[in-house]
Structure formats: structure tokens, C-alpha cells
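Only one structure is covered here, and it is reproduced in the block below.
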Amino acid sequence: MQTSTVAGQEPAVAQPAPVRRLLSLDALRGFDMFWIIGGEEIFHVLAKTTGWAWAIFMADQFTHVDWNGFRPYDCIFPLFLFLAGVSTPYSLGSRLARGDDRAMLARKVIMRGMVLVLLGIIYNNGLFARPLAEMRFPSVLARIGLAGMFAQLIFLYVRSERARYGVFIGILFLYWALLMLVPVPGYGAGSLTMEGSLVGYVDQMVLPGRLYKVVHDPEGLLSTLPAIATGLLGVFAGTVLRRRDLSDGRKLQQLVLAGVACVAVGWLWNLVFPVNKNLWTSSFVLVAGGWSLLALSLFYWIIDVQNLRRWTFFFVVIGMNSILIYLAGEVIDFEHAAHYLFGGLLRFFSEPVRALGGVLAFLAIKWGFLYFLYRKNVFLRV
């Protein structure tokens, strides 16, 4: 709660100059969410209805790998978590600069994390719609809430930037050691299969309810540990972008070099610790984080450095209400609305126009909903 002071009663305190809002951050978040809310279906319907080689290739890139390996679509979720980290030096850093109490900020961070965990449970199961044994407790929102929460707490209480880097590296090596050295009953140590990994074993022993893949959950408990490192990587990027003593060119240079280094080290580590999104391996953290750094660098250069902004509006509208549109997909039948409004028109067309038109209509309804909220200045802030 903010309080005002009466002039003359207290000495004036110089306030830090406000840091400009990064439009590139909102635009990249919206770009990321576009694929989460159904944008990838554009390539899938084209591949299915046309057989075009380029459409089949793109559809394949917008499909998760089964286990080990990496495709662009595997970067969608970690990119969102990374961007939450990027915003941390702006949101919490500016409040610390104003003199806000760390403990108060920490309480808000923890509350936000718990709210996201609760929303994730509701998203998966509804309100009291299933018995406990049939409920799935891990979720995308819980992963964002918990990993983001711990990354922000590290930002608040580990004040040395060098020490934060130490925490980041420590998490990656600790997780590697746990998965490679701790034995799992019936499988021994170092098993990185779905059935035999320590990740799945811990989830089976600790988590109530059901797991997404029976013996494994991609948003499970133990694999949240390296996801904290994904959030921290975003914190490091946000810290660079917020620095006033660096030119835009120097900021970009640091981000690009860090991105290339992360991708390279991640693929080298892959030789002994496979890149795996389901396990969120340390090598996956680096590869996905490296590409996230490069994507942020590109958007920052185009939007905030070159000042090419008009094209971003479509994505900004999505990015400003990313959590809301994710939740809305479970309670609002956008597909039915699209069919109701455009189905009659689309039936006059043959494939692939009809199928593609159906996807575009579905996305248009979602975007129109978000645009209405944007114009009304309604945003879900968790």
C-alpha cells in the first residue's frame, strides 16, 4: 500500500528516473502465446489438406519431440517462463528502487505463485469436478508460478549478480547430479527413460492424484527445479536490458553472445545429458534459454532500437492478457463461436481454404475477445 508524505514534514528524496516499458517484451510474449492458443494449427491443417512439403515441415516443427531432442515448438513454454524472468528486474527492481520493503515484496511474490498453482489445479480439474484420485495437480500454470516465484525470491534476496549466476549454475549441476547419481528402485541410477527416471519416481511417490503420463508428468515436482534456472536466465537478460550505463548496441551484443553460448554449451552437454523437455534437463534449459535470448534480442532490436512498432499491436493485445486467454480456452467455447459466425460462409469453399479459414476464424474470435478487453483496459494481473 502506497502512502503519501506531506511537503515540509519530511525531506525530499530523489526518485530514480522511470525506466521505459519494453514494448518488445509484451510483443514477444504475445507472439509466444499466439502459438499456445492455436496458431500452430495453421501449419497442421495446411499439411493435412494440401500435402505441401513446406507445410509438412512446418507442422513437424510445431510438434513436440516424443522424448529426447528439440524442435522450435519445445521452446514455447520455456520462452514464456523466460519472459516472466525478464520482467522481474523491471517490476521488482523498480519497487526496490522506490524503497519498498523486501519482505512485503516477497509475500506478494509467494502469493502470486500460490494463486497460479491454484489456477492450474482448477484449469486441469474444474471446481470439485473429480475425486482426488483422478485429479491432476501439476500444471503449466503451477510450473510458471513455482519456478517464477523462486526465481523472483532469488532476485530479491541474493543481491550480488555474481552470486545469482552461481545459483543458476549450481541448479543446473545439482539437477544433473540428482538424475545421474540417485538410484531409482528397479532401474538404478542414471536412467533417463520415462519409466525409470528419478523425475517420474519422485512424482509417483510425492504427488497425489494422477500424473499426465501415468508414470511421469512433464510439469512435475522435481523438474520444477531446473525451470527455476530458466526463470533466472530471464532475470539476467532483464538486468542487462535495464542497465542505463550500456548502449543498445552493447546490450544486444551481450544478449546475442549469451544466447549463442547457451545453445552451444547445451548441445555439447547433450552428449552426456540429453536435451529433453519432459525432464527439463539442464541441457534443455541452456538450449531453450539460448534461443529465448536470441528471440528477445531480435524483438528488442526491431521494436525498441529500430522503433518499428506498428506491426506489434496484434501480438501486444495477446501478450497483455496472456494468462487470461490461456484460462479462457477452458471455459469459453471459441471453436463453437467461430463455427457459428463463419461456418456458413466457409462451407462455400473447398479444402484447404475451408480448413484454413476455420483456424483463422477461431484465432480471430480469440483475438477479438482480447481486443475488447484491451479497449476496456481489462487485464488479468496475477
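Just so it is clear, glycine is given a Cβ too, placed from its N, Cα and C backbone atoms.
Per TrEMBL, these features apply:
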{"type": "TRANSMEM", "residues": "76-97", "note": "transmembrane segment"}
{"type": "TRANSMEM", "residues": "109-128", "note": "transmembrane segment"}
{"type": "TRANSMEM", "residues": "140-158", "note": "transmembrane segment"}
{"type": "TRANSMEM", "residues": "165-184", "note": "transmembrane segment"}
{"type": "TRANSMEM", "residues": "220-240", "note": "transmembrane segment"}
{"type": "TRANSMEM", "residues": "252-273", "note": "transmembrane segment"}
{"type": "TRANSMEM", "residues": "279-301", "note": "transmembrane segment"}
{"type": "TRANSMEM", "residues": "313-332", "note": "transmembrane segment"}
{"type": "TRANSMEM", "residues": "352-374", "note": "transmembrane segment"}
Same-chain residues at least 6 beyond the ends of the transmembrane segment (313-332) with a Cβ under 8 Å from one of its Cβ atoms are 23, 25-34, 36-37, 80, 116, 119, 123, 140-141, 366-367, 369-371, 373-374, 378-380, 382
Sequence-distant residues near the transmembrane segment (165-184) by C-beta distance (under 8 Å, 6 or more away from its ends) are 154, 158, 190-192, 196-199, 201, 222, 225-226, 228-229, 232-233, 236, 273, 279, 281-282, 285-286
Same-chain residues at least 6 beyond the ends of the transmembrane segment (140-158) with CB under 8 Å of its CB atoms are 77, 80-81, 84-85, 88-89, 92-93, 96, 102, 105-106, 109-110, 112-117, 119-121, 123, 164, 167, 219, 224, 227-228, 230-232, 234-235, 323, 326
Sequence-distant residues near the transmembrane segment (279-301) by C-beta distance (under 8 Å, 6 or more away from its ends) are 22, 24-25, 27-28, 31, 70, 72, 74-75, 78-79, 82-83, 86, 171-173, 175-176, 179, 192, 197, 199, 218, 223-224, 226-227, 229-230, 233-234, 237, 241, 248, 251-252, 255-256, 258-267, 269-270, 273
